[in-house]
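Q: Take this structure, written in structure tokens, and hold onto it; I'll ask about it next.
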């Protein structure tokens, strides 16, 4: 899968792309990441990419010309999505990550900055807007890296035991169950006996019940969705 990231700060991605599962996925050519700086496509000698908004207002906007030129310089694969990282976008979720990982061969991630981008970018270039939630960050690189990480780990061959992906939080609209490792007794806190019993049926029942109780308590929105989907 190919990722083209339109960013004013390519160095932001250097360390993450060399580390952990992302680095391994790139080494194995499961994914390819291309960093494109729109400043290289600016029209003036100062490589200016921002300007004041028409009608007045606080802050600066990213100009349309460098962004359009940066995206139009890319190789186009058949199944491509052009994503703008913006607080106005659809909140990111596990189903969205899975859709992006399965339905597309190329993701173009545009990192917003300042007060945002010229609306013509959104109207005539972008095919999807994504947000991390109801809050504002200083740059679009953090959301873009989140999407990159979330999608790549779902690609076949990235995670060693792909079965584990199906058991994670949100995959079935339930949060994950509590997990423990050795020692069985730490200070005065003991691992639940059922997990040490060797009774796999009892363990599965306990884990399912923990998922249900945890989701009801912590994420009533997910619990409502789960009850609707599961009768």
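For all residues, glycine too, the Cβ spot is worked out from N, Cα and C.
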Q: Name the one residue among 112, 160 that Swiss-Prot lists for the same S-adenosyl-L-methionine site as 132, 133, 134, 135, 136, 137.
A: 112
Q: For the S-adenosyl-L-methionine binding residues given in the record (112, 132, 133, 134, 135, 136, 137), what is the largest pairwise C-alpha separation in angstrom?
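A: Greatest Cα-Cα span of the listed binding residues: 16 Å.
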Q: Which three-state DSSP class does residue 112 (S-adenosyl-L-methionine binding site) fall into?
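A: SS state of residue 112 (S-adenosyl-L-methionine binding site) = coil.
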Q: Which site among 112, 133 has the most other CB atoms no more than 10 Å from its CB, taking these as binding-site residues?
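A: Counting Cβ neighbours within 10 Å, the top one is 112.
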Q: Which number gives the other C-beta atoms within 10 angstroms of the C-beta of residue 134 (S-adenosyl-L-methionine binding site), all protein chains shown included?
A: 7
